[in-house]
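One structure below.
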Amino acid sequence: MPYTNEKKLKELLQVYFIMGSPNCLKDPILTLEEAIAGGITFFQFREKGTGALKGEEKTKLASELQEICRDHSIPFIVNDDIELAIKLEADGVHIGQDDEALRVVREKMPGKIIGLSAHTMEEVKTAIREGADYVGIGPIFPTLTKTDTKPVQGTKLVEEIRSTSLSIPIVGIGGIHAGNAAKVIESGADGVSIITAISQAVSPKEVAAQLKKVVLEKSK
Ligand code: 3NM
């Protein structure tokens, strides 16, 4: 499994694009292709919200997006839907605190990437103990995409984690765009997770390229 190496995973997480059909201004396939052309390094299929596809339609879109990722060697991760991730043999899943317990997911998906959203130091420590490959910390900035988030926390928790010896890969999430991504990397995150800034862009390619530039500069 090429992705379980911590150093390699940190690199792969640098520009982490997340979306589903309700998030996209253009066709999701085109959006993903443009984002990849701009330089995204990781992709999560998150089919949620008003108008989200279900059943076979959801599986069909997921599998089309997965194929594009595969063609470009971009890891394809499924949000929450563990059954879908297993069915498609996705590279991994991203789960929240209210989803199935991490150790159960690990048993179901051995050798795959498992990311967990965490909002406190305790949750981060538990995530590490139970074998998460990376943690998503947010919301760093205000976001309109997810209505049931925890309060906006800025980069405080990312800094706190990095002030310890914990080396788990970290991505920041929530309201991140090319204009504020530097702050997230400077605080110690390995990557930025983004929905709106790329999926609603007139040019997902340009925005992805801007984000990549910022992250690469700040990761030096
Ligand atoms: N999770 P955007 S914030 C999916 O804080 C998600 O855990 C969050 O979307 C968390 O880039 C968020 O459009 C939405 O702000 C991120």
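Note that Cβ sites are derived from N, Cα and C of the backbone, with glycine treated the same way.
Residues annotated as domain 'Thiamine phosphate synthase/TenI' in TrEMBL: 15-198. The annotation 4-amino-2-methyl-5-(diphosphooxymethyl)pyrimidine binding site is assigned in TrEMBL to Q44, F45, R46, E47, K48, N79, S117, K146. Annotated Mg(2+) binding site per TrEMBL: D80, D99, in sequence order.
Taking the features listed in TrEMBL, we show where each one sits on the structure.
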| residue | record | contacts (Cβ under 8 Å, 6+ apart) |
| --- | --- | --- |
| Q44 | 4-amino-2-methyl-5-(diphosphooxymethyl)pyrimidine binding site | Y16, F17, I18, M19, I77, V78, N79, H94, S193 |
| F45 | 4-amino-2-methyl-5-(diphosphooxymethyl)pyrimidine binding site | M19, G20, L61, A62, L65, Q66, F76, I77, V78, N79, A90 |
| R46 | 4-amino-2-methyl-5-(diphosphooxymethyl)pyrimidine binding site | I18, M19, G20, N23, N79, D80, H94, I195 |
| E47 | 4-amino-2-methyl-5-(diphosphooxymethyl)pyrimidine binding site | G20, S21, P22, L53, K58, L61, A62, N79, D81 |
| K48 | 4-amino-2-methyl-5-(diphosphooxymethyl)pyrimidine binding site | G20, P22, N79 |
| D99 | Mg(2+) binding site | D80, I82, V105 |
| S117 | 4-amino-2-methyl-5-(diphosphooxymethyl)pyrimidine binding site | H94, I95, G96, Q97, V135, G136, I137, G138, I173 |
| K146 | 4-amino-2-methyl-5-(diphosphooxymethyl)pyrimidine binding site | P139, G174 |
Inset, instruction - With the Cβ under 6 Å from ligand 1 as the test, give me the qualifying entries from the binding-site residues F45, K48, S117, K146. - result: S117, K146
Legend entry - Among N79, D80, which are binding-site residues, the residue with the most C-beta atoms within 10 angstroms of its C-beta: N79
Legend entry - Helix, strand or coil at F45 (4-amino-2-methyl-5-(diphosphooxymethyl)pyrimidine binding site) [DSSP, three-state]: strand
Legend entry - Maximal Cα-Cα distance (Å) across residues annotated as binding 4-amino-2-methyl-5-(diphosphooxymethyl)pyrimidine, namely Q44, F45, R46, E47, K48, N79, S117, K146: 17
